[in-house]
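**Q** Dropping the structure in here first, questions after.
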Amino acid sequence: MTRLAVARKASREAYKTLFGARAGAMRAMSAEAAPNPDTVPVTVNGQEVHVPKGVTVLYACEQAGVDVPRFCYHHKLSIAGNCRMCLVEVEKSPKPVASCAMPVMPGMNIKTTTDLVKKAREGVMEFLLINHPLDCPICDQGGECELQDQSYIFGSDRSRFTEYKRAVEDKELGPLVKTVMTRCIHCTRCVRFSTEIAGVQDMGITGRGNQAEVGTYISKLLASELSGNVIDLCPVGALTSKPFAFTARSWELEGTPSIDVTDGLGSNIRVDTRGNEVMRIVPRANEEVNEEWISDKARFSYDALKRQRLDRPMVRGSDGKLQETSWEFALDYVAEKLKATEPDAIRAVAGKLCDAESMISLKDMMNKLGASHTTPEGMANVSADVRSSYLFNSNLVGVEDADYVLLIGTNPRTEAPVLNVRLRRAVIAGGATVTSVGPNADLSYPSTHLGDTTATLEEITSGKHAVCEAIKAANNPMVIVGSELLRRADSKILLKKIHAMCDELGVVKGDWNGFNVLHDAGGTVGALDIGFVPGTSASNDVPAKLVYSLGAEEFDAPAGAFIVYQGHHGAQGASKADVILPGAAYTEKTGTYVNTEGRAQVAVASMGPVGQAKEDWRILRALSEFAGVPLPYNTHEQVHRRLAEVAPHFAKLNEVEATLWMNGATYAHEKARKADASIPFKSSVENFFMTDVISKTSATMAKCTEARNEMNA
Amino acid sequence: MSKAAFTGLKAVQELRFHLCQTSKGSEGVRNFLMSSYKTLKAASPSTPVLIRESSGAEGKLYARYDMGVEKCVKLEGLDAKGVEKCLQDLVSSVPK
Ligand code: SF4
Ligand code: FES
């Protein structure tokens, strides 16, 4: 029988539990005109709308297309109702009501354009501005500040305030978030984000009334991998980006939709550039992937795009030093070497940040040369046959349906902080149980550590462990396997056992597939999807004489092998190279990345590559010509068509395809061997801030590492 | 079906099946893979048998031979037997 994990769409009832029915209902339903027992009729500015029972007045206004100004309300956070900016008039109510906190009643008559509402908003603005500095010209929030926008509409043109303004000492939140706390309007969004979403209890309000201050109680940095999100949440300029400070004004920037590659989630980002320079990276909302959040690594490692770049072709001269050369010479040189090397002695390794276009170009070229030894960096052992064996089958949104989660060799908090937000929600709001075989880490929610040895895992897979009963009893049990497990030499034998257990304990049943692999970089799934794995004739019997590294930093190369490094940063991989072909970083090329759940997404180039560097697939296209095996595509569309010819889901961008589960057949041919008991399970991410060539080059990430070490010291 | 049916598989560098997860037209491909994937792997463990599903995709089989030469046959509408026949044809007709 074929079992399908049905692709789940965003509208999840699971949200409901989080912030009570109100917030949940808001997202789960759309307002329909037809009367429905679960909806109530309300009137907004004379227009009748039907909204779900129990939603707020603010939601009703949004449904009617009426914008209500707000500071403290945010649809991802609990309702605070403390800024009073959202006041509206409700007929028969003696006072204006705070629409973000007031549930709708049937037949309510809501008015937002009356004099009373205008006066109320003007009053609130006047109070807020009493203690707000008038420093918009030197404030980084200027141009995208909610307070500034509102004061254009409701602000008074002169002040009645003649006393001294209050001043608040700035707080030290670490190397990422800059604070100017005098600007704070005490909306508490940042406090609610830290406690509810990030799960760190570091921020709060101290003092009362005029003395109230927002900050960490004791001076310490925000110990969260998601701290940068408070910058987006803060409606004023109290919390801004430290690395971005005073570098650009928001209206000078040009935004390009892109995809983050620093972890396996494929978070949707917007790359803001000025000229040929990335000025900052901010999230784009995608409810199915990253909601509205991105990790600090995704947001702040961009400074590395200007450091240690490979910007011109280089060859190693007779003196052993790398020397600048021309593209023509470099390509010709590599092509001659490729032609002169026997195909069985050629190796191609694809790095973990590669786009699918460049990988398919490299694979096709290698195949045409008769070489079939192609491997993804660090994943030489992984079978690419069946997609369900290496994907996050229950999808990222599916995490919120899980009631039992078994983590195997993974720390989701450091490997995929944004996914950890969903896991946290499943635990805190959904009551899920989390147990872990692997690193014993603080996940920001309660979890039980079962051990970190293969023995513990084997106890579970053989059904002897106490947790097996709990997994069996769960409705939607879930197993998350970390990518470090895939890198182990005994990965196949472990996966065979885990697969069998998934069938046995009902982790895969009906339309639920709870077997999940969490990848830790943006390019790995793409490599597996296109089958960047060794072909039939590939073998290690012939020692490598030529290694082609497409942005791979770690690869085996015997002494004397000729090494070609095509990539964007001069680091470990490039230092070994005999020839360097400068490629483009993920912000500089239009490329397809497949995230850990198998969703193909396109990152659009926000600028050109630096110096003489070129888009990676174009380099390979040119090289194939020099090597006498021209690739049959000339435009980006044509490469993309080739991708769809290799794997049809590349034609369906932004969607997740349900995966076929092979009922244990995936690893049936693997001989039963003993797993290597001497190696404990660990996370693939030791230091969250430095995991790939970009984040390792970033000065900001280095500062974060230092600050975190100091804090933990 | 025995391993012997696929002995030629070692001459093929890679197989790629395209199929839809639910369509009638891909049913034969699905049935074939469910029953014979193990046999294929047993016949040649080192040959990648890439199973690539996508809703609405047409049943297809690509074989990649030496020097990057690829051949494709349509499997849409065939039953498991027909799929096996197509596979054997591809495996036995290695281009020179
Ligand atoms: S710092 Fe910003 S987000 Fe936090 S309470 Fe103040 S205004 Fe709100
Ligand atoms: S948005 Fe309603 S009180 Fe702040």
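From the backbone N, Cα and C atoms, a Cβ is placed for every residue, glycine too.
For reference, TrEMBL lists these features for the protein:
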- A:38-116: domain '2Fe-2S ferredoxin-type' (DOMAIN)
- A:116-155: domain '4Fe-4S His(Cys)3-ligated-type' (DOMAIN)
- A:253-309: domain '4Fe-4S Mo/W bis-MGD-type' (DOMAIN)
**Q** So which residues does the domain '4Fe-4S His(Cys)3-ligated-type' (A:116-155) touch in its own chain, when a touch means Cβ under 8 Å and the partner is 6 or more beyond its ends?
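**A** Those are 69, 71, 83-85, 87-89, 96, 161, 165-166, 178, 180, 182-183, 185, 234-237, 240-241, 244-246, 249-251, in sequence order.
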**Q** Average pLDDT across the domain '2Fe-2S ferredoxin-type' (A:38-116)?
**A** 95
**Q** What does DSSP give as the helix, strand and coil breakdown of the domain '4Fe-4S His(Cys)3-ligated-type' (A:116-155)?
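**A** Helix, strand, coil within the domain '4Fe-4S His(Cys)3-ligated-type' (A:116-155): 27 helix, 0 strand, 13 coil.
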**Q** In the domain '4Fe-4S Mo/W bis-MGD-type' (A:253-309), how many residues does DSSP put in helix, strand and coil?
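**A** In the domain '4Fe-4S Mo/W bis-MGD-type' (A:253-309), the DSSP-based counts are 11 helix, 23 strand, 23 coil.
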